[in-house]
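Taken from TrEMBL, the feature region 'Disordered' covers 38-58, 912-931, 1057-1090. According to TrEMBL, the feature compositional bias 'Polar residues' maps to 49-58, 912-922. For 242-496, the entry in TrEMBL reads domain 'Peptidase S8/S53'. Taken from TrEMBL, the feature active site, charge relay system applies to D250, H281, S446.
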Amino acid sequence: MGGEQKITAWTMTLVRICFSLLVALLCGRLPLVGTEGGDGTASTSTSSPNPDGNHSSNCSSLTVKLEFSTKVVEHEYIVAFNGYFTAKARSHFISSALKSSEALDWRIVPRKNPASDFPSDFEVVQIRQASHSSLLTLEDHPYIKRVTPQRKVFRTLNYTPDLPDPGATCNNDTRWTQKWQSWQSSRPLRRTSLSLAFGFWHATGRHSSRRLLRAIPRHVAQILQADVLWQMGYTGEDRHCSGVKVAVFDTGLSEKHPHFKNVKERTNWTNEKTLDDGLGHGTFVAGVIASMRECQGFAPDSELHIFRVFTNNQVSYTSWFLDAFNYAILKKIDVLNLSIGGPDFMDHPFVDKVWELTANRVIMVSAIGNDGPLYGTLNNPADQMDVIGVGGIDFEDNIARFSSRGMTTWELPGGYGRVKPDIVTYGSGVRGSGMKEGCRSLSGTSVASPVVAGAVTLLVSTVLNRELVNPASMKQALIASARRLPGVNMFEQGHGKLDLIRAYQILNSYKPQASLSPSYIDLTECPYMWPYCSQPIYYGGMPTIVNVTILNGMGVTGRILDKPIWQPYLPQNGDHIDVAVSYSPVLWPWAGYLAVSISVAKKAASWEGIAQGHVMVTVASPAGNNSEVGGEMTSTVKLPVKVKIVPTPPRSKRVLWDQYHNLRYPPGYFPRDNLRMKNDPLDWNGDHIHTNFRDMYQHLRSMGYFVEVLGAPITCFDASQYGTFMMVDSEEEYFPEEITKLRRDIDKGLSLIVFSDWYNTSVMRKVKFYDENTRQWWMPDTGGANVPALNDLISVWGMAFSDGLYEGDFTMADHDMYYASGCSIAKFPEDGIVIAKTLKDQGLEVLKQETAVVEGVPILGMYQTPSEGGGRIALYGDSNCIDDSHRQKDCFWLLDALLQYTSYSMTPPSLIHSNSRVTPPTGTDRPLPERLEGNHLYRYSKVLEAHLGDPKPRPLPACPHLSWSKPQPLNETAPSNLWKHQKLLSIDMDKVVLPNVRNYRPQVRPLSPGESGAWDIPGGIMPGRYNQEVGQTIPMFAFLGAMVVLSFFVVQLTKSKNKPKRRKPRVKRPTYLQQQQQQQLAPTGKNPTV
C-alpha cells in the first residue's frame, strides 16, 4: 500500500512539472489577453534595438524625436537652369554670365554621384567674392532661372523610450537605449520637437467606463489588413511581374540584410564612402515598406531603391537632394518616401524639385513632423498640395501627441491655411527591421510615413491600368476611403485614418476626375470643422476664408473652365450669404487652390439661422495620348456650403486681432519670444489665433467674445465695429498712414491692447548664430517684437517700451505669473495706472552671465485717452503667457481683466488698488531703444523697401477687394447631411465587393545556410491578422506535445515495472479427488505442489 502511494505521488509530481513548464512557456511566448502596455495600448513582446540587431525583450518601444534644421553655406550658391543641360553647357552658361562681373574667384563645386553622368538642371557654384551685382548678373542670363544659397541640412534622430507600465518589471540592459540617444548633433538647431516622454497621447475627448482589453499584434501591415490583398496575389508586383519601384530617401541599407529580397539599387549621395546604414532609421523605414520576414512590410515583392542622402552624422545638403531627386525621375520611381521635414517652405530649389517629381508621376509620401501638440507646426514638403502628408495615431486610434497639427501657414497673413495632414495612420510602437537583423519598435511621424508609403506601393500593384495611378488619383483614393476619427478636428486628423481595403475598392473602380479637399464646408459641424464651427458669422464681420485644395486626377495640368458658380438654396436661406471665389489660374502639378470667402448679406444683419448653398466648379485637363476622349477631359465638382448666422454682436464683444504685422520664419531669422528656449530659437508658427494662440482664442470664445482676424493694413477696417484692437508680438513696421488712422480710431472710441516682447540690440548681436563649418553668421532682424516700431505707433499718447529684458516669477491679483523674456514700460502718461514687479535682469545674464534682481520694473499700464468718447489703451511687456509655444503659466485672467477695461471701461479693482502700483515712468532715465544698425528687415517686410540710405516705407497698398459671385438661386431643398463618404463619380462603396480570395504563396528568395524559412510567408500558416504570433508559437507547441507524450510513456513504464505479481486463486477440489490423489502419491513419499 505504501509503495503504491509513492508511485502515485511521483506521477503527479511529474505531471505538475510538465504543466508548470507548459504554463511558463506559454506565458513567456504568447501575448496575454487583457493586459496593457505602458503607452495605453495592449502589449506584446517587442524587440529593443541594439547595435548588433539582435533581439532583446523590452517593456517599451522607442519614440523617434526628429530634429531638423538648415544652415546657409557661405559662398556656395545653387544656380538653377531653365532646362536640363550637360555639364559642359552648364559651365559655359555660368562662365559667360560671370565673365564681366565682379566675381573674380569662383568655381563649380564637383558633385560625384550616380547623377553626374546625366544632364542636370542645376549647378553648385562657389563664389568667394560674391556681390549683389554678381548674383544679379547670373540671374540675368537667359538660361538661368534662379540663384539661391546652398543649404546644409541637419537631422538629429533621438530615440526616447516610451514610459513603461509602472507595474511591469524590466531587467533589460539600458545601454542600447543610451547609445541610440547619444546621436546628437553638435550644431545649434533651428527647431526641436516637443518632449515625447510624458503625456504621450493626446486625448480625443472620447471616454468609456468599460471596454474590452485585447492584445494587439504590432505588425502594422496585418493590422491594416494587407494580408487580405496578399492572399489575392498582390504583394508589390504588377501584372508584368515587375515590382513597383519605391524609393527610400534616408540613411541607407546594409547589403545583406535578411529581411529584403528585391533591393534593386543602393545609391550614395553623401560625401561618405559607404552605402550601409550606420543609424538604423533607413533600414527601419525600408522594412515597414518591404520586409518579407519577421516584422513584415506591406509590399515584400516591390522593387526597393535605396537613396542614402544623410551621413552617419545626419548631415545633408540641398544639392544632394536635388541630384537624388533627378536620379529618381530618371529611374521612373513610382513611390517615394521622405521621412524628413522642416519649417523652411521657402527653400525654392527643394520645393521646385518636389513639384517636378510629382509632375513626373512620382507619388511622394512625407511625414508632417513631430512638433505636436502645437498647432501650425506642419513640416515641408508634407505641407505641399501635391504631396501626401501623413500624421500619426496610436493603436487606440488617438491622435499621437507628437504628431504636428495644421493649418498650413505659408498663406498667412493675407489668406488662410489649408487642411493638413491629408491622412493619419499608426505611428506609435510600430515594428520594423533592425539595423542588421531582427525587429524593433519605433514611434513618430517618420514611422507613420512609410506605413502609408508601403500601403500606397501595395495599392499600386493592384491596379491593372497603371495609367490611372498618379499622385492626385492616389491621394483621392486615400482621402475618400479614410475612416474619420470621432472627436478630432480636421487640422489633427486630416481626412481620417488610412483604410487600405476601402482604398483598394476605390482605386479598382476609379475613373479620372477632379475632387476637393475638404469636399464640403460646414461651419456648424463640431469638432471636425474646428475652428470654423467655433464661431458663427454675422453681418459686418471679416469674411470667413476657407482654403480648399483642388485635386486633378485627369492630368498633371489643368484649368478651371469659366468661373465657379454660386448657387444658394432658397428654402434654406442661401440668399442670406454672399460668396466670393478665387482660384489657381493653372492647376499644376495635379492640384490647385480654391479660396472661398463667405460673408453675411445686409438683409441678415438681425437674422439668426442656417444658410446653405453650393459652389459648382468645372475642371478641364488635356486628354492623354492613349485616351479615347479627344481634346480635353472635364469634371464638375460640387462644394456644399452650410453656415450659421447670428445677429451682429455689440461692439464691446468684438475683438480684432492684428495678423498683418506678424512676421515669421522663413524667410528671415525672427527669434523666439522666450530666450530660455535655446534649442528652439525660431518663431515659425504663424502667430495666428488658430495656431500658437489657439488656447487664447478658445478662452475668449468661452467668455463670449467674437474674435476676427485682420490680414491687411490698419487702414483697411471699420473701427466703429470693434471694441478692442489686439496687437500681440508684432515684428513688422507700420505705414505712416496706419499710425495716423489708429490715432484717429482711438479718439473715436476704439481701444487698444498691446502685448510686446523683448528688444535689445546688444542681446540681438549676442544671440546670433555662428556656424563653425560654414563660417556664417545668422543675425536676427528684430527682437521678440519690433519695439521701436511699436513705440512709433504709441508715442502720440506719451507711451514707450524700453530695451530692458526681464524674467521671473511673481504674483499679481492672487495669480501666479511668469515673465518670460519681456520688456518693461519706459514711458507712460502720469494719469495712467502702472503695475511694477521685482524681476531678474535677463539681459545682463545673456550679455555678461551675471545675475541681478531689479525692483520696481513697470510691466503693465492702463490709460484712458482724454478725448471725449475716446478709447482706452493697455500695455503689457510679455506675450509668452498667452502663447502656446512655450507658455509656462497662462495669464488669460489678465486678458479678461484688460478686455473688461478696454471694452466696458471697468477698471479691475484688484489692479487699481494693488500694492504694486507705482508712479508712471517718464522715460528720462534711459534712452529709448533704436533699430539695429545694418538690419535686413526690409528684405522680408511688407512695409519697408530698400533705399540708398535707410530703408523707407513702400507706398500704402490698396485694401483687398472681393468680387462677390453673382448668385444663381435654386428653389430646392439642400441635403441634410453634407458629410458622406466622398463618392468619386458613381462609385458606391457598399456595392464594391472584394473578389474571391484565393490562396497565394509569395515567392521568397533562397535561404542562406542556417536561416529558418518557416515563417517567411506573408499570411503565415493561416490567414488572418494574428498569423505571425501564432506562427512563432508552433515550434513550442510541438515541443510541449512531445514532452506530454514522453511523460505518458514514462508513467506507464514505471507502473508496469513496479506492479506486484498476483497469486493465482486456489481452487478447492472435491473430497473424493483429494483422497484418490493422496493414495497415488503415498508410496513415493512426496507432497503435492499447489
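Numbers here mean position along the shown chain, with the first residue as 1.
Cβ coordinates are placed from backbone N, Cα and C, and glycine is handled just like the others.
Straight-line distance linking the Cα atoms of H281 (active site, charge relay system) and S446 (active site, charge relay system), rounded to a whole number, equals 9 Å. Averaged across the domain 'Peptidase S8/S53' (242-496), pLDDT in this predicted model comes to 93. Rounded to the nearest whole angstrom, the C-alpha distance between D250 (active site, charge relay system) and S446 (active site, charge relay system) is 10. In the shown protein chains, 27 other C-beta atoms lie within 10 A of the C-beta of D250 (active site, charge relay system). Just so you know, the Cβ of S446 (active site, charge relay system) picks up 29 other Cβ atoms within 10 Å once every protein chain is counted.
Neighbour density for H281 (active site, charge relay system): within 10 A of its CB lie 28 other CB atoms from the protein chains shown.
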